[in-house]
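Participant: Pasting the relevant annotations from TrEMBL:
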type: BINDING; residues: H114; note: heme b binding site
type: DISULFID; residues: C21-C150; note: disulfide bond
type: DOMAIN; residues: 20-163; note: domain 'Globin'
type: SIGNAL; residues: 1-19; note: signal peptide
Amino acid sequence: MKVLIIIAVCLAFVPACMSDCSPLKRLKIKSQWEAVYGRDSVARENLGREIWSYILAKEPKMKELFARVRGDNINSDAFKAHAVRVFGGFDICVSLMNDPDTLNAELQHLHDQHDQRGIPHEYFDIFIEALNYVIPNHLEHYDEDAWEDCFQVIKNAITEGLTE
């Protein structure tokens, strides 16, 4: 029953949040993400390293959360694999921005993962800050407003109920 209530809340929540993340903004971030992330595995690995370098410099305590994947060394194979998984999940969310029902299912899955690992919700603010810092270096016309609005859909669904 508890799961049904959570799913119902998420189903009601995501469409409401998507109002600021208009269809045009969704298409724009999908296109921009594809341009930055979709090229090849080397580009993905480099992008991940740039973003994680920013994140861990901004909040060194996060390294402790990633001890099992060598958060102390973003060049380790274990951390590179972790980065691929994180951005793979993010890629799925961006790809599903026009499919709210499937997006809700993915966001519920990500919420459960982050909740089980005790990831504080404020770390998602650092994540979007890192995206806003790194991605513009790879694009000619980065739309920060579109990213902010659409990332809030992802962030709010994942962080709802996570530790403060």
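Any Cβ shown, glycine's included, is placed from N, Cα and C.
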Participant: Write out the long-range same-chain contacts of C21 (disulfide bond), meaning residues 6 or more apart in sequence whose Cβ is under 8 Å from its Cβ.
Facilitator: M97, A146, D149, C150, Q152, V153
Participant: If I take every residue in the domain 'Globin' (20-163) and average their pLDDT values, what number comes out?
Facilitator: 93
Participant: So of H114, C150, which of the recorded positions has the fewest other Cβ atoms within 10 Å around its own Cβ?
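Facilitator: Among the recorded positions H114, C150, the sparsest Cβ neighbourhood within 10 Å belongs to H114.
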Participant: For C21 (disulfide bond), what is the secondary structure state per DSSP, taken as helix, strand or coil?
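Facilitator: Going by the DSSP assignment, C21 (disulfide bond) belongs to neither helix nor strand, so it counts as coil.
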